[in-house]
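What TrEMBL says about this one:
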{"type": "SIGNAL", "residues": "1-22", "note": "signal peptide"}
{"type": "BINDING", "residues": "HIS71, CYS86, CYS89, HIS90", "note": "heme c 1 binding site"}
{"type": "BINDING", "residues": "HIS107, CYS128, CYS131, HIS132", "note": "heme c 2 binding site"}
Amino acid sequence: MKKHLICVLSLALLSTLFGAKAIDDTKIGLRNTSLLDENLSLPEIKWDADFAGSSKLIERSFENAPPLISHSLEDLVPITTDNNSCVTCHMPEVAKDLGATAVPKSHLTDMFSGKDLAGALSQERFNCTQCHVEQADAKPLVKNTFKSEFRYKDGKSKSNLIDILNQGVE
């Protein structure tokens, strides 16, 4: 009886699967247009050509936003486990002498345990380009009406993430 029931259910399932209609590619997304007709021509992008040390800092777009990279990344990427060129200038012990922005305390703290790493870069923060991006002179594809508001007077140039990380958490 059990085998008979399994066979009947299997046949019903197979007949349903083979009778299903295919979904047209114009019905997959929210746009209701063919995904195969995408415009593959990319816009011309001019990357910031200033080299490290000669560029002007860019204000943050919102509170505690990762700072934008204001210089060229030529010869500085890719970042690998053996080579991170960013730390040669941006670690706190050398950044001030070089006029570079030092990594904040949040990068020198294990964010899971809250443990201070005594000046060592947290491995969660080792891949700088995961959050920080080089800037390009590109035209916006859509109009941007975003207006940033900062709760702290120096929020456009500094992060206080480590100080307010648990704000509102009991």
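Cβ atoms are placed via backbone N, Cα and C, with glycine included.
Using a Cβ-Cβ cut-off under 8 Å and counting only residues 6 or more beyond its ends in the same chain, the signal peptide (1-22) has no close neighbours at all. Comparing Cα positions, CYS86 (heme c 1 binding site) lies closest to CYS128 out of the binding-site residues HIS107, CYS128, CYS131, HIS132. Geometry remark: HIS132 (heme c 2 binding site) versus HIS71 (heme c 1 binding site), CA distance 11 Å. Look at HIS132 (heme c 2 binding site): DSSP puts it in coil.
Listed in sequence order, the residues ALA52, ILE69, LEU76, SER85, VAL87, THR88, ALA100, THR101, CYS128 complete the 8 Å Cβ shell around the heme c 1 site centroid, once HIS71, CYS86, CYS89, HIS90 themselves are left out.
The Cβ of HIS132 has fewer other Cβ atoms within 10 Å than any other of the binding-site residues HIS71, HIS107, HIS132. For CYS128 (heme c 2 binding site), the same-chain residues 6+ apart in sequence whose C-beta sits under 8 angstroms from its C-beta are ILE79, ASN84, CYS86.
What surrounds the heme c 2 site, by Cβ distance within 8 Å of the Cβ centroid and not counting HIS107, CYS128, CYS131, HIS132, is the set PRO66, PRO67, CYS86, VAL103, ARG125, ASN127, THR129, GLN130 from the same chain. Look at CYS86 (heme c 1 binding site): DSSP puts it in coil. When the binding-site residues HIS71, CYS89, HIS90 are screened for a Cα within 10 A of the Cα of HIS107 (heme c 2 binding site), none qualifies. Within the set of binding-site residues (CYS86, CYS89, CYS131), the lowest number of other Cβ atoms found within 10 Å of a Cβ is recorded at CYS131. Its Cβ taken as reference, HIS90 (heme c 1 binding site) is surrounded by 21 other Cβ atoms within 10 Å in the chains shown.
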